[in-house]
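What follows is one structure encoded as structure tokens, with my remarks underneath.
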């Protein structure tokens, strides 16, 4: 891939926009199409593109595999933790209505926001970990 | 017009499927699958499922193509000649298809609003959503709030599958040293 | 009712079933494991279509509420399928990883070539 100048330059220009678009899809998911699942996949796709063009080692320097593996359970923990927070506000598991001191709509907003972040963290890191696993295997 | 676009896209989808069955070079099959996913995303757009279309375009045409190519790199790219006659599987698939198509004749016509599916739970979510969550995108509010348990389960499945792939494929450093 | 309308009423379901049996055929008839996994994902996408088609309402809009619109597609199938797609790619990756390991162990991903080897090993043991 050393000589593919066009690919390298174009990728370098595009990747920040892909990551930005991922964040937009994540944060705008309440008002338009999008949400944690899509954003997670888009963010992972941006980093996978970097890995394909610049090599797996460069990608692993930018996003270390240890970090990725730590993020996989972290997202599930965020999701389940928001559910448990429902208990402490006197509601059922994963009921966000009381999160903001009885303001139901506000509580739902916060609950959905946090849960979507949990989904983003798990999905993006899992996709990336799977890519690292396949790319790091090498031909025997 | 909506129906016409829908039918044209579905016909293209069916044609690509024949390509996926016939072609023996697996690289070509993976590229065909990618095109198939993009067409499927377009069909989903026509079916008003914008969130799903976005997911299918990024997952089906993007990530799964990369993973399939990665797996092909690690294995073989040419499918072997078939050893057995495909007659029996074709008869089984054809019979199943015929029975299922017979079953569709009683289904309500495409795009009608007064079916049981569209008048119970889905309509209820649409009616309650703004007062209870104030999130305009009903798909997001149902996904994260009304059916939060479901999504928690799905996230856990994604996590578990990721762990499974890591266990199967990742080279752990200690194990490498022992092999040397 | 014209012939076109007659066909259009059920065309979605027919194509869904065509994709479904194509996936079934690939899974049953082909012996290459990666091809089978791709066939399985064709089967899977046909199920997405099966869920989404009845939720569509002609003349409706996507289920993003706004004051200008009143007819929306059913959001429930969208939610179910959205999560199913992401889970689908995760399980596809798991299947591909298994295929890679099988290739490392047997030097082949054709079931027709692997099964005799396993049988021979069983006899030896």
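Including glycine, each Cβ sits where the backbone N, Cα and C put it.
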- Message: Quick test of your reading of TrEMBL: among B:26-47, B:114-135, where does it put transmembrane segment?
- Response: B:26-47
- Count the residues of the domain 'MrpA C-terminal/MbhD' (B:12-76) that DSSP assigns to helix (H, G, I), to strand (E, B) and to coil, and report the three numbers in that order. 57 helix, 1 strand, 7 coil
- Message: Across the domain 'MrpA C-terminal/MbhE' (B:89-176), what does the mean pLDDT come to, as a whole number?
- Response: 88
- Query: Mind checking which residues reach the transmembrane segment (B:151-169)? Cβ under 8 Å, same chain, six or more beyond either end.
  - Reply: 143-144
